[in-house]
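Peer 1: Pasting a structure below so you can have a look.
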Amino acid sequence: MYSPQRKDFVSLTLGDQHSHNYTNGKHRRQSCWRKWKQLSRLQRSLILFLLAFLFICGILSYPSLTEQWRGLTDRSLKEDWVEMDNQGLRPIPPGFVPKLPPGVVPGVQDIPPEVMPEIQRPSIPLLPKPPAMRKPPSKRGPPALQKRGKVSDWQVKDGEEATIKRDEDGGKEAKTLISWRGAMIEAEQGTELQSTAHEKEGTVADAEDSANLKPVKAVDRVEAVREAFRHAWKGYKAFAWGHDELKPISKTHGEWFGLGLTLIDALDTMWILGLKDEFAEAKKWVETELSFSKNVDVNLFESTIRVLGGLLSTYHLTEDTLFLDKAKDIGSRLMPAFKTPSKIPYSDVNIGKGTAHPPRWTTDSTVAEVTSIQLEFRELSRLTKDPQYQVLYFFIIVNVHGLEGKRDGLVPMFINTNSGKFTRRGAFTLGARADSYYEYLLKQWLQGGKKETELLEDYLQAIEGVRKNLLRQTSPSKLTFVGELSNGRLNPKMDHLVCFLPGTLALGAHNGLPADHMELALQLMETCHQMYAQMETGLSPEIAHFNLQSSNGRDIDVKPADRHNLLRPETVESLLYMYRFTNDSKYRDWGWDILQNFNKYTRVPSGGYTSIGNVRDPLNPAPRDKMESFFLGETLKYLFLLFSDDNELISLDKYVFNTEAHPLPIWPSTLSGRSPELS
Ligand code: DMJ
């Protein structure tokens, strides 16, 4: 239906055929003709001449009249526009087709202004051309493996690097938009950071392209991570302060447990990055606002690794007992999860009521969840000298150590809270639901001073189980990957989550485990890198499918449902280990590529980064409007440490990272090993 005001039609009034007016007109025309006939020939000629003269004058003056008329029309439209603008309204004149600034992808104008108002404002600055790059992202991708150059080799042509301008007061920076990627996101950082970095670092010449391009200066990668963190924090602070997650596009927040997950996850990252002001305001929130006395169900695993782990590591870094007190509080409130017949914990705990329960649909818990909380609770026992936490958690490990249903050290994905036994046996993966079981075997062994041999045995056996059952190579490029086993059949798919494995294998080899663990780490690291490099956005999908016999010349396929990227950390986590243990700068370059692509495809102009729905479409990566807490807790922290030249900053010989990237100290030798009760 049309609204009453809307009149998109022309009104015609037809005369009545019986109307008297019609007959009267005919009579009038007949009498005019009679009068014309009665005029003399001279009179008729004079009248005709006069009419012809007027007609010619009219034709000659037509263009200027038209222009004047046009000017009047335009001016009134503009005046209307300004007037409406002053009132905060933006009318669209009838028939107006907005022109897109150069570089804007068609379709952007379709985005509703409430979703991305920046795009539609007429005042948006014109977009300068993006800086010339030696390896433009559009060239990335299938079918051949990408042998990618260093991103530090980005070339900035003359006149294109001034993306940070001072405003007239010389104070605040006025940022210029560089380019749009897809519908809702902006690449504002890449060049901007180069400019920032240019002021700081020396010049390095690029031999290959020096004929065509000016020398560029090395980018300060560490500063780039700080800048990315600040940008993410800006969004969190503005739209989600004290809440669990930022929804950066809708400029609001998401709640999971209502515990300020992003803020707590990010505490130690801010400390490590040296962001003192940000840390101080977050600490104040913990001091004055954070309360665990809440009638809320939380997931035992997630709140242990993010909240307990985050508070413990922040306590270690700062030695501020505020964080230890809060850690004790949440730790004790999670204990009811263990009130089960088997002592295998339930997945969910109400931290206010002190009750726990499994998910509604099952009495099973996932193996990764119940076996990846020990690093944190063991540390809590050590710090508080209260053995209750460690006893319960150690029980799980002992129990799983002797449990039936493993296959060459590989564990099924579920364990029952009543029987304490594996269920739904027959499926084995290093991905979701099992991943951190393997990670924590090694890391507990390291945390405890390499004394708990059952942990080491289980770890070594599991890695052999991976080799024997899950390891394959792709066609045509012979990438090594870890598949999944389902009832004896190998499914050649690998979660991005599995990319923690190269780093863990390297950590083991660094600590004296077999050298072939390092060889496997090198191969798997290459595969994880290719999961990024072969995608059009340079960002990995959530799940990759590998070709064993390629018919299309590609090693990696991605199913439509698996094309998302959640800003996950596992690959950059492994890159940190690989760089620290090999000193090979290619790992830093791979990490830098990833950061650049996060900036290109996931950065939201008003603050924050968003997970995306399609890593294969650089024009529309389909932002999902969510910044996971682990982006600040893990991804940016690992990137910062990867680029930092200070290997003593969270030394891998002094700390183990929990599975949420919170560093916990390796116990000093005098204190190492089991707690007194277990020794
Ligand atoms: C994090 O919460 C942890 O790293 C966990 O072990 C796996 N999933 C996310 C990150 O991807």
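Yeah, the Cβs are placed from backbone N, Cα and C, and that goes for glycine too.
In case it helps, TrEMBL gives these features for our protein:
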ACT_SITE  Glu302  active site, proton donor
ACT_SITE  Asp435  active site
ACT_SITE  Glu542  active site, proton donor
ACT_SITE  Glu570  active site, proton donor
COMPBIAS  125-134  compositional bias 'Pro residues'
COMPBIAS  155-171  compositional bias 'Basic and acidic residues'
REGION    122-171  region 'Disordered'
Peer 1: Using other CB atoms within 10 angstroms as the count, which residue among the active-site residues Glu302, Asp435, Glu542 scores least?
Peer 2: Glu302
Peer 1: Round to a whole number and give the Cα-to-Cα distance in Å for the pair the residue listed as 'active site' and Glu542 (active site, proton donor).
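Peer 2: So the alpha carbons of the residue listed as 'active site' and Glu542 (active site, proton donor) sit roughly 14 Å from each other.
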Peer 1: What's the CA to CA span in angstrom from Glu570 (active site, proton donor) over to Glu542 (active site, proton donor)?
Peer 2: 11
Peer 1: Could you state the CA-to-CA distance between Glu302 (active site, proton donor) and Glu542 (active site, proton donor) to the nearest Å?
Peer 2: 19
Peer 1: Where does Glu542 (active site, proton donor) sit in DSSP terms: helix, strand, or coil?
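Peer 2: Once the DSSP labels are grouped into three classes, Glu542 (active site, proton donor) ends up as coil.
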Peer 1: Just how many other Cβ atoms lie inside 10 Å of the Cβ on Glu570 (active site, proton donor)?
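Peer 2: Looking across every protein chain shown, the total is 25.
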Peer 1: Look up Glu570 (active site, proton donor) in the DSSP assignment and report helix, strand or coil.
Peer 2: helix
